[in-house]
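Chemist: What follows is a single structure, and I will ask about it in a moment.
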Amino acid sequence: MWIYEKKLQIPVRVSGPNPRLAKEVLTQYGGPEGELSASLRYLNMRYSMPTSRAKAVLTDIGTEELAHMEIVGTVVYKLLEGASIEAIKAAGLDGHYATHDSALFWSDPNGVPWTAAYVSATGDPVADLHENLAAEQKARAVYENLICLSDDPCVTDVLRYLREREVVHFQRFGETLMQVQECMSQKRFY
Amino acid sequence: MEATGMDNRRMAQMLLQIQQLEFTALELNLFLDTHPDDQQALAMFNKVHQDLMQCIRNYEQFCGPLLNFGFSPALQNTWKWAELPWPWELKY
Ligand SMILES: [Fe+2]
């Protein structure tokens, strides 16, 4: 069960229309290391975790990633708001516009649609938690790429916040991995 | 009815307080998931929970429901839930 809270996790402002930056940020909406992939990866992985604590971490981080998806969607929406057709063409977003107008869509900046193949689940808790550690590092790296690309200080602030969250998630997943390994290495007698 | 600029600012301000407290609660929540016996974190979490609930009650009085499905009361004489600006529409 999820309850909707009618607010973003943090305030999101943009300096003005910027379809080029919207196109780039879209990668964290529907790209491989994006927030849709992150939220679905963790929420899907809860079922096969061996400890209650690991299920809690996956539930809570998965839920926070849904909130990040909403932040990224808002950034893209606001950057496209009021953008002229000329600016959209100049940004190379005319392909997106032809199919979607200014609607959001689950794709990367090159229009490659989101696929469940971005998400892995082996059912092996150690392998799956390592997958999450890698995913957090990859998301951090992509946010750093986006920070390099951003020419809007308001958007840069949001990207810096989201980058920092990946660092915290990495930390919590690392602790979870150690706890799960400890639990699995304990001898059991039947 | 569209919210006026003044209302919008007040709303954004009240939301900011909620965002700050809820972020603190979320961060403590994640920390407690892997450190469940940390008494200091538990105490901080409970304190933040109280402050957060107070801020949400204030917001609900002034603006309208923050949460759906019965987690916020309908204190105004119209269904404000559908009327307040959506998070991606809020202008600062
Ligand atoms: Fe994350």
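Positions of Cβ are set from backbone N, Cα and C atoms, glycine also.
Please treat TrEMBL annotations as automatic predictions, because they have not gone through curation.
Take a look at what TrEMBL says about it:
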| type | residues | note |
| --- | --- | --- |
| BINDING | A:GLU35, A:GLU65, A:HIS68, A:GLU136, A:HIS169 | Mn(2+) binding site |
| BINDING | A:ASP60 | Ca(2+) binding site |
Chemist: Neighbourhood of the Mn(2+) site (A:GLU35, A:GLU65, A:HIS68, A:GLU136, A:HIS169): other residues with Cβ within 8 Å of the Cβ centroid, in order?
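Modeler: Along the chain, the qualifying residues are A:ALA38, A:SER39, A:ILE61, A:GLU64, A:ALA139, A:LEU162, A:ARG165, A:GLU166.
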Chemist: Out of the binding-site residues A:GLU35, A:ASP60, A:GLU65, A:HIS68, A:GLU136, which are near chain B, with a C-beta less than 8 A away from one of its C-betas?
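Modeler: Qualifying residues, whose Cβ lies under 8 Å from chain B: A:ASP60.
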Chemist: Find the one among the binding-site residues A:GLU35, A:HIS68, A:HIS169 whose C-alpha lies closest to that of A:ASP60 (Ca(2+) binding site).
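Modeler: Nearest in space to A:ASP60 (Ca(2+) binding site), counting only the binding-site residues, is A:HIS169.
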Chemist: Can you tell me which of these binding-site residues sit near ligand 1, meaning the Cβ is under 6 Å from at least one of its atoms: A:GLU35, A:ASP60, A:HIS68, A:GLU136?
Modeler: A:GLU136
Chemist: For A:GLU136 (Mn(2+) binding site), what is the tally of other C-beta atoms lying within 10 angstroms of its C-beta?
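Modeler: Here the count is 23.
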Chemist: Give the sequence-ordered list of residues that share a chain with A:GLU65 (Mn(2+) binding site), lie 6 or more positions from it, and have CB atoms under 8 Å from its CB.
Modeler: A:GLU35, A:ALA38, A:SER39, A:TYR42
Chemist: Could you say which of the binding-site residues A:GLU35, A:ASP60 has its Cβ with the most other Cβ atoms inside 10 Å?
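Modeler: Buried the deepest by this measure is A:GLU35.
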Chemist: Using a Cβ cut-off under 8 Å and a sequence separation of 6 or more, which residues in the same chain sit near A:HIS68 (Mn(2+) binding site)?
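Modeler: Within the chain, A:HIS68 (Mn(2+) binding site) has Cβ neighbours under 8 Å at A:GLN9, A:GLU35, A:ALA38, A:SER39, A:LEU162, A:ARG165.
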Chemist: Please list residues from the chain of A:HIS169 (Mn(2+) binding site) whose Cβ is under 8 angstroms from its Cβ, counting only those at least six apart in sequence.
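Modeler: In sequence order, the residues whose Cβ lies under 8 Å from that of A:HIS169 (Mn(2+) binding site) (at least 6 apart) are A:ILE61, A:GLU64, A:ASN132, A:GLU136.
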